[in-house]
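Under the heading L-tyrosine binding site, Swiss-Prot lists Tyr40, Tyr177, Gln181. Positions annotated as ATP binding site by Swiss-Prot, on the basis of sequence analysis: Lys240. What Swiss-Prot records for 351-416 is domain 'S4 RNA-binding', and it gives sequence analysis as the kind of evidence. What Swiss-Prot records for 45-54 is motif ''HIGH' region'. Under the heading motif ''KMSKS' region', Swiss-Prot lists 237-241.
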Amino acid sequence: MTYHPKSDFLRVMQERGYLADCTDKQALDEALSKGVVPAYIGYDATAASLHVGHLLNIMMLRWLQKTGHKPITLMGGGTTKVGDPSFRSEERPLLTPDKIDENIEGMRKVFARYLSYGEGATDALMLNNAEWLDHLNYLDFLRDIGRHFSVNRMLSFESVKSRLDREQSLSFLEFNYMILQAYDFLELFRRYGCRLQMGGSDQWGNIVNGIDLTRRVLEGEIFGLTSPLLTTSDGRKMGKSAGGAVWLNGEMLAPYDFWQFWRNTTDADVGRFLKLYTELPVEECDRLGALQGSEINAAKILLANEVTTLLHGRDAAEAAEATARAVFEEGGVGGALEVVELPATTLGEGLSVAHFLVAAGLVASGKEAKRLVAESGLRFNNEPVGDANAPVTAATVGEELKVSIGRKKHKLVRLS
């Protein structure tokens, strides 16, 4: 039997497809209906930017704020030093404190695009769990917190069990991660009255640990809510493309390439992605997702424009669309294509096409470049390139050279 939420937030989560599991849906709905509920999602600082795989949870925080509640973005300055073992086949490399701080700064820029931070009742908070984790006394922590955890139960969580079943090592350092994340929820409840933790469904075990700990220590009524682990209709994990991670920071992925990622959405995913990654009405998302044939291309452009506008602004989205039109329909260049600067000294008196592509960072290897040429997948200034050993000189590049790899990847190369 379908539950019909009273609260705007839970209704949005259910209608738009964000909701996978909830520890107590009716009690949470009641709390959300009565007043402001602070809720958090934790982010370990393992990279200099978040990627598209994080975007679904960021949109959940955005909807939380839009429906009158308080989002908390918790930076894992402390837990990143340990590393989350959930569903990983090997231990994460350890990062230096300086690198962790640098990564947090990169993530901060992304959150500022989606959430309004400040001191008001529903303004977002950005916190760092290093604030309380860095100063823990180990013996006190074991006595006061560790005694509430059952190792038997921790070993039963699928995220850990799957690793042990494959006879892969799980360090004591990583095993502690679950306790530290649970402690985060306790501290957030104690300090900020935070009553809800959200995350991907792979975090269910960690979230439940935090709820159990907080109830035992502080007798708090708190909740957990998870989103589905999203894949595309053809089974690919969200956040990845053929060219690698789809980063949210403009310095790591040009707005045009971000726009193009969404424009290339498969037909079967359009309606679902419109509901999850834009703020268009659900009925409109369903209508657009049901379009067939060439008509659905307009819906894909709308999807790309809406998602890019949220992250990079309306001007960047319009520039990306104009560039795509110039590149694909008119064979031109457009103003938003990413520019690759190649030192003139690297080019020297000339490189082969294969070596030129590698030097410019457009392919990973000479072998890949040769395969690209052999499959007629390379063009310079819209002209097919048929010889991977042909010379590329300064005269070839000129003021700038438009390099097209396949039908959808286009860059401008300039000599510096």
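Using the three backbone atoms N, Cα and C, a Cβ is placed for every residue, glycine included.
Structure with Swiss-Prot features highlighted.
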{"residue": "Tyr40", "record": "L-tyrosine binding site", "Cβ neighbours (10 Å)": "25"}
{"residue": "Tyr177", "record": "L-tyrosine binding site", "Cβ neighbours (10 Å)": "22"}
{"residue": "Gln181", "record": "L-tyrosine binding site", "Cβ neighbours (10 Å)": "28"}
Taking only the residues the record lists as binding L-tyrosine, namely Tyr40, Tyr177, Gln181, what is the largest Cα to Cα distance between any two of them, in Å to the nearest whole number?
18
Run through the domain 'S4 RNA-binding' (351-416) and tell me, per DSSP, how many residues are helix, strand and coil.
20 helix, 21 strand, 25 coil
The motif ''HIGH' region' (45-54) resolves under DSSP into 3 helix, 1 strand, 6 coil
If you average the pLDDT over the motif ''KMSKS' region' (237-241), what number do you get?
67
